[in-house]
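Features as listed in TrEMBL:
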TRANSMEM  265-286  transmembrane segment
TRANSMEM  298-317  transmembrane segment
TRANSMEM  338-364  transmembrane segment
TRANSMEM  376-400  transmembrane segment
TRANSMEM  412-434  transmembrane segment
TRANSMEM  512-531  transmembrane segment
REGION    556-585  region 'Disordered'
DOMAIN    590-832  domain 'ABC transporter'
TRANSMEM  955-976  transmembrane segment
TRANSMEM  997-1023  transmembrane segment
TRANSMEM  1071-1089  transmembrane segment
TRANSMEM  1196-1214  transmembrane segment
Amino acid sequence: MRFALRNKAPDNRPAYLQSKDDFAEELGNDILEQLGIGHTKGTLVGNEFVRGVSGGERKRVSIAEVMAGQAPIQCWDNSTRGLDASTALDLGRVLRRTAQEQKKSIVATFYQTGNGLYDQFDKVLVLCEGRTIYYGPRALAKSYFEDMGFVCPPGGAVADFLTAVPVHTERVIRSGFENKVPNTAEEFESRYYNSAIWKTMDQETVDYNSLSYEIDNLRDVMALERQRSSLLRKMQSVYTVSLMHQVWACTIRSFEIMWGDRWSVAIKAISALLQALVCGSVFYNLSDASDSVFLRPGALFFGILYFGLQSLAETTASFLGRPILSRHKRFAYYRPTAFCIASVIVDIPVYMFQVTVFTIVLYFMCHFQYDAAKFFTYWIVLNVTVFCFASEFRAIGALFKNFGNASKVSGFVIMIMMVCAGYMIPFNSMHVWFRWIFYINPASHAFESLMANEWSGLELTCITPQYIPYGESYTDDRYRSCTVAGSSGKVIPGDAYIAAQYSHSKHHVWRGFGIIIGFWIFFACLTAIGFEKADSSGGSSRLLFKRGSKLQRTPVPADVEKASVTTDQKRSPTGPPAEDIASSSHQSTFTWKNLNYYVKYRGEDKQLLRDVCGYVKPGCLLALMGTSGAGKTTLMDVLAQRKDAGRIEGSILVDGLPQDITFQRTTGYCEQNDVHEATATVREALLFSARLRQDYEIPDQDKVDYVENIIDLLELRDIQDALVGTPGAGLTIEQKKRLTLGVELVARPKLLFLDEPTSGLDGQSAFSIVRFMRKLAENGQAVICTIHQPSAFVFNAFDSLLLLAKGGRTTYFGETGEGSSKLLEYFARNGAPCAPDVNPAEHIIDVVQGRQGSGKDWAQIWRESPECKRTLEELDHLNESIRSHVQGQGNENHADPSRSFATPLLYQMKQVTIRQSVALWRNPDYVWNKILLHVVQALFSGFAFWKVGNGTFDLQLRLFSVFNFVFIAPGVINQLQPLYLRNRDIFETREKKSKTYHWFAFVFAQCVSEIPWLILCGTLYFVCWYFPSGLPVQASISGQIFFQMILYELLYTSIGQAIATYAPNEYFASLMNPIVLGAGLITFCGIVVPYGQITSFWRHWLYWLDPFSYLVGGLLTQLLWDVDVRCSSSELTSIPLPPDGSTTCGEYMAAFLSENAGYVVEPGSRVGCEYCAYKTGAEYARTFNLNARYYGWRDVGITVLFCVSSYAMVFVMMKLRSKATKSASA
């Protein structure tokens, strides 16, 4: 609220609120109090992962945020969805007061509107098929249609009457007017345009005096807005405050969000510390001798690599925050540019802290030069590099509309940056067609700056094995040379070394620093452009059908809540009678007594339900009502055994017996949020549920036939082949509600729970859903349903009511009676009579909420009432009678109590795998992004290492060509995990709780369905990389390498899935990836640090436990072993011979070559020796602990074992995450 008001604070504030902070605090508190959520102002908003305010309170927070904008014209679209009738009325009164006192123009659409809310408005617009059938004063709308011949039922909501008039199945026509009333939208429109009301409204619009008055009002509003706006803001800008103030507000908000999610910041800092400790221990105490020549660049490069991988999380984060950014942009709170600048500002302290922790540990553990200037140069260069990386990957996220493309590009970019940074392939060894990348790569400039900073002024002593030849017979240093590039005798000047080996200059430290800052600013601007140009407007709604069905896309009406296209279309009951459906389900009596529920809150027990009692019998439709936050959904979850935290006390009995392990799968639970697999069709979703939730012994054809019956009953036949889809590209809200109900009905449940089935629907759609529920109840199905804003018609469809007050206390339970007579008689007897024209549902909510001014404790009144006593007696009688009846019948009508699931595990694995395989096939964005990432990266790698030769440096290129394949993992994992997490959420939200299938089947399906695509991707990578690189084509070599590459596809995928399985969300998973891949796997595989130089502590155990060690061995052994090395002239080391010519080169080097690798070019030379460090690739391979040819196949076999263990880890992580749901103690 503070943030919204800071960006909308006018300049002409009241005298007592001159401070913007005081204004924001005062007005914010006022808005929150008006909406009844003032007590939550210090509470986290929360989401599905973070505990915060309740669902109804969160909805009101969204409303409060809009009200804080103080817009002169306000449009409210179904803003009461998810609110109870009383709270919805509060919102209507607030809007009424806002319009009157602040002179605002307000347009609102509300569904299932009670008369109290309806009466808050001045005018009403009724539309039918896009045509105006009434626009005029609210007070005249009812009489206008009654005069036509329509009847508004006594006590009915006027709004429902207005919307029901053009619907043939719901309107009531006065006797004698059957042939006089309009029937089509055109007829209604024609009747309206010929009415006196239209002429009056038209006259108000065209009348000159009225128009002048409106123009004067508009000028007054514009003048008022100019006074409200900041002096620094442009006159024509839509924003109230200046860009500078927007940046300031966004910065404060970002820090507040960061503090609310401080654990993520702590994880980043801890990750940096762990990485530094691990890396520092690997490169521990680098010496000032030549044995650190290869290690020192690796230690410098590691910081760039780690923070580059960590910055990939910014791409994910940019999509997670995009909906909020788009909404704020539409509200004109701030420009996206202000958000981008604020993000850059917030990056500085956050990343600076991480880099500081990383630098202090790594710098001194590696024993870089102990010089204050060099330390702070390293620190500042690494800082701006990290800032640049963060902005770069945030910019990638901003420039793409969907995450798949952004993930693909970010994975490709990180690979190019690291390959062309100058560490793997030095600048002078890059092929000319890729050399330009070096200049536009911030990583290459960072690496050059760090190298120049560290190596300038450094002199290393050349020692064995770089100082050759060595041995007992080589004691005269005049006839020995150093193999290190740039060496001078026994000394290796740092400046000369980096110039000869990397083409770096000590004068480029600050040049690189400046270039990185330039890139940082460029990427920040690119991010701003991306978010500014992003289209935040919604698209048209459409239905998607699977290929081969009657339609590919079918437009749906703009009103996405309704599925009907015209008012003439009737939902004819073409399906089987509801009694056939209900009779085929098991019928049970469900009771609960003295139910209490506690959760831990700040170390203490907080009671959410207090001694709740009730029952539902076969054929009964029970409404569960209460104010927002009264515990309706909590009670439903407790009754349905869906709580996995807290403590439950009391008794919950089914047919007089305690709930057994079959309860969850034999009851249906329709969530408030319709959660379905988006790529499944309606029919497939129903079949999937039927096959896994009905008993395995039932023939499959019977299940299919039953699904067909449900499709007809719920009138889903026309859309049976439509994909569930996503909002805007899939089923409408009402269609999803019916699908959710169908998914539960096909399980043949003995009890049916529905949580807010009419939320977000208009009156007709809500009545349609309740009509289906009524059908089922009338034919023996027991139904418990929570409901928020029922109309009188909807409310009268229920047989019984359980009414809760704040704190989960019962205020009424029992039959409602004909026309709610019993319910109203109870409240009237206790001092709260209901007026004849008032909706009973709204009346009782107002009463128990204390809005009638009685101040009574209705929970206490209920406990002392004779109705409560009769309820308890009825409970005991029901339990006793049904228990004896069930025990007499045995278990013939009940599920096997020994099985948690209806079907065997193997059958579950088959069905879930089929569904997931189809889902991947219907997700081309995901599949093509994966394929393109492999192909593009493979082609880049193939041409970057084009036709590698046989020199000593070419051996290193072969090594890094293989090592580059490792970098396919980060991009693919970042793309894989969000999809995996969405599937996991579907499973945990609905399918796990309904015991549809075991968690083992879920994990198995997720793993197996990916394998065909991984094999395809691995094959494409091999073809596009192997042959351009000029590697051996013998089947014995290429076949082994191909097989090992396929294994790596499986290995990194299973690692990514294991991380995602236990991660709470996508962002956390993206933070864990660099920790596992960087600190845990890449560091110890023997490439960055050769085996012989790994610190002994790690070398003797972690190297052998690192799967990447065997991955590299399986790929590298065959590529190196048979290479006949031929050094180029620049790779040869010149060794002087005694000038007297007494010995030949071969004779002088014989003792050395007998024990060491390499060869001399001209053994007979008496002038000097030209020495090549390796004679065969096998000699080079031995430096990486690949001591025999068979190590290649050995490592392939071990990699297979690691693949198996990695997939096993996915199952272990899911097992650790899964919790047994708690049930009430008997």
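Start at 1 and count along the chain as shown; that gives each residue its number.
Cβ atoms are placed via backbone N, Cα and C, with glycine included.
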* Structure fact -> Same-chain residues at least 6 beyond the ends of the transmembrane segment (997-1023) with a Cβ under 8 Å from one of its Cβ atoms are 692, 900-901, 903, 905, 908-909, 911-913, 915-917, 919-920, 927, 930-931, 934-935, 937-938, 965, 968, 972, 976, 980, 983-984, 987, 991, 1041-1042, 1045-1046, 1048-1050, 1053-1054, 1057, 1061, 1207, 1210-1211, 1214-1215, 1218
* Asked: Counting Cβ pairs under 8 Å to the transmembrane segment (265-286), which of 298-317, 338-364, 376-400, 1071-1089, 1196-1214 comes out on top?
  -> 338-364
* Asked: Which of 376-400, 412-434, 512-531, 1196-1214 shares the most C-beta pairs under 8 angstroms with the transmembrane segment (955-976)?
  -> 412-434
* May I ask for the residues of the chain that lie six or more residues beyond the transmembrane segment (338-364) and have a Cβ under 8 Å from a Cβ within it? => 243, 246-247, 249-251, 253-255, 258, 265, 268-269, 272-273, 275-277, 279-280, 299, 302-303, 306-307, 325, 328, 375, 378-379, 382-383, 386-387, 390-391, 394, 398, 520, 524, 527-528, 531
* **Beyond the flanks of the transmembrane segment (1196-1214) by at least 6 residues, Cβ under 8 Å** => 999-1000, 1002-1003, 1006-1007, 1040, 1043-1044, 1047-1048, 1050-1051, 1054-1055, 1057-1058, 1061-1062, 1107, 1110-1111, 1114
* **Annotated stretches the transmembrane segment (376-400) and the transmembrane segment (512-531) touching (3 or more Cβ pairs under 8 Å)** => yes
* Structure fact -> For the transmembrane segment (512-531), the distant same-chain contacts (Cβ-Cβ under 8 Å, at least six residues beyond its ends) come to 325, 329, 336-337, 339-341, 343-344, 380-381, 384-385, 387-388, 391-392, 394-395, 397-399, 442, 445-446, 448-449, 452
* Cβ under 8 Å to the transmembrane segment (412-434), counting only same-chain residues 6 or more beyond its ends: which ones? -> 297-298, 301, 304-305, 308-309, 312, 392-393, 396, 441-444, 446-448, 501-504, 933, 936-937, 940-941, 943-946, 953, 957, 960, 963-964, 967-968, 970-971
* Structure fact -> Per the Cβ under 8 Å criterion, with at least 6 residues separating them from its ends, the transmembrane segment (298-317) contacts 268, 271-272, 275, 279, 283, 286, 355, 358-359, 362, 366, 368, 382, 385-386, 389-390, 392-394, 396-397, 403, 406-407, 410-411, 414, 417-418, 421, 423, 443, 446-447, 450-451, 454, 970-971, 974, 978, 1066-1067, 1070-1071, 1073-1074, 1077-1079, 1082-1083, 1088-1089
* Asked: For the domain 'ABC transporter' (590-832), what's the model's average pLDDT?
  -> 86
